[in-house]
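Pulled from TrEMBL:
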REPEAT    41-75  repeat 'PPR'
REPEAT    152-186  repeat 'PPR'
REPEAT    189-223  repeat 'PPR'
REPEAT    224-258  repeat 'PPR'
REPEAT    259-293  repeat 'PPR'
REPEAT    294-328  repeat 'PPR'
REPEAT    329-363  repeat 'PPR'
REPEAT    364-398  repeat 'PPR'
REGION    437-471  region 'Disordered'
COMPBIAS  438-471  compositional bias 'Polar residues'
REPEAT    547-581  repeat 'PPR'
REPEAT    582-616  repeat 'PPR'
REPEAT    617-651  repeat 'PPR'
REPEAT    652-686  repeat 'PPR'
Amino acid sequence: HFYKHSVSTYGQIFYSICKAGCLDELRPLINLMKEDNVVVDSSIFKVLLDAFIRSGNFESALEILDDMDELGTSLNPQMYNSVLVALVRKNQIELALSMFYKLLQASGSDEFVVLDGLTCNELLVALRKKDMREDFKTVFGILRGREGFCFDTWGYNICIHAFGCWGDLQTSLKLFKEMKEKGSGFGPDLCTYNSLIHVLCTVGKVKDALIVWEELKTSGHEPDAFSYRIIIQGCCKLYRVNDAEKIFNEMQYNGFRPDTVVYNSLLDGMFKVRKLKEACQLFENMVQDGVRASCWSYNILIDGLFRNGRAVAAYTLFCDLKKKGQFVDGVTYSIVVLHLCREGHLKGALELAEEMEARGLVVDLVTITTLLNGLHKQGRWDWAEQLLKHVRDGSLVVNALRWKVEMEAKMKCPQDTRKDFTPIFPSKGDFGEIMDLLSSSPGDQEMDNNFTSEGGESQVDGNSFTPSDPWSSSPYLDQLADKVESSTEHSPHLFSVSRGQRVQEKGMESFDINMVNTYLSIFLAKGKLSLACKLFEIFTESGIDPVSYTYNSMMTSFVKKGYFNEAWGVLSQMGERLCPADIATYNVIIQGLGKLGRADIASAVLNQLMKQGGYLDIVMYNTLINALGKAGRIEEANNLFGQMRTSGINPDVVTFNILIEIHSKSGQLKEAYKFLRMMLDAGCSPNHVTDTILDFLEKEIEKMRYQKASIKSNNKDDAT
């Protein structure tokens with residue numbers, strides 16, 4: 001009972017227990033060691049530390065440091081790596097960063113601390129996951145400039161993926177080139193290819209991504225399930241659903257079983273391009289193949305049915321899922337509330353919000369602002385307080401109503417007379433100079449030219465591509481990396497593949513701009529442009545930074561009312577503040593050019609969009625066809641319609657209405673009638689706009705018949 005074990009005995013037993021994985025026995029033994037006043041050396045403590053880290057018990061790992069401090073044992077320089085890993089995995093990133101910088105400062109002392117690659121990789125992964133961009137770049141820069149440190153393949157992959165996720169394609173490709181130049185032991189692996197394909201899709205260069213995808217299959221690396229998931233998601237996001245379907249079939253042929261995420265991506269893509277039957281069939285196949293549908297799967301299905309004119313089916317499915325008590329979450333309710341508000345069923349939407357709360361689901365800001373929009377759309381300004389009756393818990397409604405009261409008070413304040421006659425959006429030039437503004441900076445333009453030729457096609461595709469190294473396993477990527485190396489400047493990527501949202505998902509941090517966007521859309525929907533401008537001015541002056549949705553809303557309203565100089569001013573301010581444009585921004589630009597009668601610039605704007613990684617959705621196709629048709633460029637409009645169908649996007653009622661109208665007004669009545677038949681054959685239901693256009697078409701046909709009858713009568717009289 002009173003026997004005192006030696007240092008060697010404790011060392012052996014600690015080592016044996018760690019090797020066996022019986023870590024629950026360690027704490028009592030450490031306490032017993034303290035009672036015996038025995039102090040093992042730091043190498044044994046490192047064994048204990050590493051054992052706790054491997055088991056995921058990071059709290060116990062950090063307690064080891066307290067034990068060492070209590071026993072007066074100094075840290076072995078090699079232990080700092082283990083401590084850093086423990087801090088990172090315990091989610092104490094700030095502390096880990098502070099320790100990392102201190103270790104670098106102390107690297108000139110007698111006890112030199114060697115930071116190994118594994119530790120640095122762990123730190124970089126944690127910084128990327130936390131979206132700590134500046135800290136990531138600082139650590140990355142320090143490590144690259146540190147003598148004796150060299151990234152391994154994993155480290156390169158982490159950095160390629162991180163910079164790509166943040167839209168920095170140039171740095172990702174430079175790292176790929178550097179990786180290949182280092183040769184043996186540092187060459188790209190499957191993860192590298194997956195990261196680069198993901199990066200290219202993220203910045204909108206899906207054509208390049210598809211070429212790299214084909215290159216991957218001949219590089220000696222076989223695509224895995226994750227590779228297929230990345231390329232399918234990228235194609236669906238950028239409306240390349242035909243390519244996504246082809247790769248999906250290839251995935252199944254090669255023995256990979258698509259998971260729920262892959263099915264969800266393809267399902268969402270099919271609904272976006274109006275492939276309703278195919279989407280419903282895909283969902284049935286998903287269930288038959290035994291792939292478990294998630295809540296997100298049903299959300300995509302319900303939203304897709306609503307957006308494709310199948311509101312009854314969507315609402316019926318929603319009610320059935322509620323009865324079963326599964327696959328319904330807050331997002332599902334938010335989707336249904338949104339569509340009910342759009343259809344004017346406000347009472348039902350409010351009841352759903354109340355039901356949401358009764359089920360224990362959080363009524364988020366998206367749902368609340370949707371309800372506010374619906375209330376104001378029906379002129380129920382006095383009903384906003386009724387939200388409190390339907391949503392009793394939570395502070396979001398109270399905050400939204402308080403914000404509304406403060407906003408109304410600020411709007412009533414008299415304007416500063418010193419700012420009279422000063423435009424909110426000062427503009428230099430006019431809307432016709434759009435190409436000068438859209439053109440990138442010299443370095444960025446050089447980069448664009450290196451990647452794409454006219455129309456966004458790859459210069460290094462097909463016969464024009466000559467590999468610099470015929471034995472390379474990645475000649476296309478090598479060419480892209482070489483082009484990046486020749487770029488003289490590095491400029492931010494000012495195009496966002498993701499469309500701007502009214503509500504930013506940043507919690508209370510973005511509450512103000514979310515409410516500004518909501519009330520801007522309310523005022524603009526009611527035609528109250530002056531109120532919207534005042535709201536914009538008040539809150540931007542108070543330090544709230546507008547987002548792309550804010551600018552797009554203002555610009556759309558100006559274009560609709562014919563205030564093109566003001567719209568030009570909004571676009572200019574957007575560029576000055578480095579706010580990235582999205583597909584909606586380009587849509588408004590082409591609308592403006594169409595109204596100005598400058599459809600000749602539309603194709604150049606389209607080319608610029610494609611160079612920046614843009615894509616054409618159904619709204620953009622409709623806008624372009626309308627602009628070209630009204631400018632009398634009917635043949636170009638027809639070609640664009642053909643391109644739309646070839647790309648896999650099915651036309652909607654708006655597309656057919658535009659085509660019937662432009663052909664009717666240009667006197668091509670047979671063509672107009674052909675599009676009407678095509679519309680009915682496609683199962684596309686006419687709306688009230690179609691009725692108006694058909695009335696015009698009928699009058700034109702009667703007019704033509706009358707003219708033909710008159711000509712025949714005149715000819716008969718002449719013959720007589």
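Note: Cβ is positioned from N, Cα and C throughout, glycine not excepted.
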Might you confirm whether the repeat 'PPR' (259-293) is in contact with the repeat 'PPR' (582-616), defined here as three or more C-beta pairs under 8 A between residues 6 or more apart in sequence? no
Cβ contacts the repeat 'PPR' (617-651)/the repeat 'PPR' (41-75), at least three under 8 Å, sequence gap 6 or more: no
Please compute the mean pLDDT of the model over the repeat 'PPR' (189-223). 90
Counting by DSSP, what is the helix, strand and coil composition of the repeat 'PPR' (652-686)? 26 helix, 0 strand, 9 coil
The repeat 'PPR' (152-186): DSSP-derived helix, strand, coil residue counts: 26 helix, 0 strand, 9 coil
What counts of helix, strand and coil residues does DSSP assign across the repeat 'PPR' (294-328)? 27 helix, 0 strand, 8 coil
